[in-house]
Structure formats: structure tokens, C-alpha cells
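According to Swiss-Prot, the protein has these features:
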BINDING   His83, His182  heme b b562 binding site
BINDING   His97, His196  heme b b566 binding site
BINDING   His201  ubiquinone binding site
TRANSMEM  33-53  transmembrane segment
TRANSMEM  77-98  transmembrane segment
TRANSMEM  113-133  transmembrane segment
TRANSMEM  178-198  transmembrane segment
TRANSMEM  226-246  transmembrane segment
TRANSMEM  288-308  transmembrane segment
TRANSMEM  320-340  transmembrane segment
TRANSMEM  347-367  transmembrane segment
Amino acid sequence: MTNLRKTHPLMKIINDSFIDLPTPSNISAWWNFGSLLGMCLIIQILTGLFLAMHYTSDTLTAFSSVAHICRDVNYGWLIRNIHANGASMFFVCLFLHVGRGIYYGSYLYKETWNIGVILLLTVMATAFVGYVLPWGQMSFWGATVITNLLSAIPYIGNTLVEWIWGGFSVDKATLTRFFAFHFILPFIILAMVVVHLLFLHETGSSNPTGLNPDSDKIPFHPYYTIKDILGLFLMIIILLSLAMFSPDLLGDPDNFTPANPLNTPPHIKPEWYFLFAYAILRSIPNKLGGVLALLMSILVLLIIPLLHTSTQRSMAFRPISQTLFWMLTANLIILTWIGGQPVEQPYIIIGQWASISYFTIIIILMPLAGMLENYMLKPKFP
């Protein structure tokens, strides 16, 4: 069996990726999130497939087909709740995974990092089109508001919006194509995940110290398979608790009302995992400026490797950078809170300051902190 595992063309790929993979001996639980994200993706694809068997992408029947799934399909309520809350778990793991990458300098593996940022954008796009499918009030108005942002693009904006809508408003054509996108994108994500892993396995994992781990590596199996399974069980317990005991905790009550183009909800807001970007969008009083800031809030991750000034890779031994990192984390929590509040004082000014500090910390303060720490580490004696 050992021989086959190492010689069979397919088994060899699996063996080199998940069994005999040399892994640093000191990677912490922060390195669990990659496998958790893989599991989230599998859960979402499977539950989504079963939902798609019963869902109809028509404006007249979409809302009632979701109700039918929850009421009449065997365990339909569970499948739907796991799928809806699985998206939240996906984003929790994503944010922690990206945060780990920033803290421990994983972004210096540039190919892996860049593919990861593109993956993040693709997952966000998938979640957005998926949120439109139940065709509730917030689905409809969320789709209307967010797609309308593209009209800020000079010259081609309005044409582009109507092209995406498939008409002059969000309607049947929009819902049908969003369902098509939502079905195909997870498989594109799956392919990109393979590329992400391919680039990662070219260099191997980083580790909490930021030092070269080649001198002390252990096989992935059994050490990290066991560790990943523990993380997986914890995640599944949290996901099932959420899906079974409070499935609507993270949703919007407006989505229990069927979509009505004649009635606007009092506060249009996206799902919680987009609120930080939505707050940045709203903090700029100009439409095009807001759209650019929204894009930059994610795309700024692409320039993080270029802004690395420290002689050390990880933040483990850099207290000033650590302080800035946790300030950035707090800042993102504030932005998430602001994104869910109405557009009135004091929320407007808090959102604007939080947006400015978000970009300032990443683009200006973190590189300066790296330079300062380098200076402080230089021997001062003659």
C-alpha cells in the first residue's frame, strides 16, 4: 500500500499534499483555517447542490420555493440553515485566515497571497449573488443598490448596469443570471483553491517565528491531520449550534418579506460580513470616490507585500507592529458596527474617521513601524 501511495499518479498528488507533506513543527492553531475554509467550501457546495434541486429562479416563485424547501422538503430547513450560516462561518474563517497572513508575514509568499486575495474577492462576489436568490426585500434592494454602484464608472457606467440587470431594473433576468453565477462560481473557487495550494506547496508553510523552518519539519499526517480534525469538529459544532438554535441571528428580518419594488426598506444594508466595506463606501460623499474606496478596501491587501519594511518576517517579536495590527482589528470591528447603523450623526463622522485610519494604518503606519523596529534593533555601541 505504501508503494502504491507513492507511485500511483493520483495517489502521489494526494500523498505529497496531505500525507508526506513536510510541515513546520511549530505552526499554531492559526494555521488551521486553511483546512477549515476547504471544509466550508465543500459544505457550501453540497448544501447548495441540494437547495438548487428545489429552488426556482423566477421572480414569481423564488421566495415561495425557499419557503417550500424549509416546510416541505425532508430536512430542507436544516440544509437551508446550514447553507445560510455556513456563509457566515466561511467569512469568519476567511477574515481570521487573512489576519493570520498579515500578522505572521505569510504575504511574502507573493503568488500564494495574490491568488488568496483574488479568492477573497470571488467568494465575496459569490456571497453577494447568493444573497439575492431568496428574493426577499433586502435581497432585491441590496442587489439594486450594489449593482447601481457600477453606474459611477465614467462613460460606460449606465450601459454596464443595464447589461448586468438584463433590463431597466432588477427583475427576472437579473435573478436568473445571478442564480447561474451563484451555481458556477463555487466550482471556479474550487479550481483557484487548487492553484492556491499549488503555490503554497512550492514554498511550504511559514511559521509563527518567521524563521526558515527547513531544519525542523514533520510529516503532515498524522500530526496535522489530527489537529485539523479537532478544528473541524469545533467549527461544525459552532455551525450546527447556529443553524439549529438561532438560524436567523445573522440574517435581516426584512428578508422575510417578499421583494417589492414599490416599497423601500428603511435601512438597506448587506450581510454582516460586508458591513466594513459598506461603511467605507458610505463614508465618502461622492459616488465614484465611494466605489473606488470600496474596491481599495480589499485590493489594498495586494500591496501589503510591497509595504513590508521590517527585517523580520513575523510580527511575533515586533511589539509596535503588533499594537498597530490590533488597532486595525478594532478598527474593522468599528467599521462593521457603523455599516449597520443609519446614515446620521455621530455614525457618519465615526465611519469617516474609521475609514481614514483603516488605510492610514495599512499604508503609512505599518511600514513606518517596521522601519522604527529595524532602527531599534541596531546595536548602538561603538
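Every residue, even glycine, has its Cβ placed from backbone N, Cα and C.
In this chain, the transmembrane segment (33-53) lies out of contact with the transmembrane segment (288-308); the count of Cβ pairs under 8 Å, excluding pairs fewer than 6 apart in sequence, is fewer than 3.
Fewest Cβ neighbours within 10 Å among the binding-site residues His97, His182, His196, His201: that distinction goes to His201.
Remark: His83 (heme b b562 binding site) has Gln44, Thr47, Gly48, Leu51 as non-local neighbours, by Cβ distance under 8 Å and separation of at least 6 in sequence. When the alpha carbons of His182 (heme b b562 binding site) and His196 (heme b b566 binding site) are compared, the span between them is 21 angstrom. Taking every recorded stretch in 33-53, 113-133, 178-198, 320-340 and counting its Cβ pairs under 8 Å to the transmembrane segment (226-246), the highest total belongs to 33-53. Distance between Cα atoms for His201 (ubiquinone binding site) and His97 (heme b b566 binding site): 17 Å, as a whole number. For the transmembrane segment (33-53), same-chain residues at least 6 beyond its ends with a Cβ under 8 Å from one of its own Cβ atoms are 69, 79-80, 82-83, 86-87, 89-90, 93-94, 96-97, 100, 182-183, 186-187, 189-190, 193, 228, 231-232, 235, 239.
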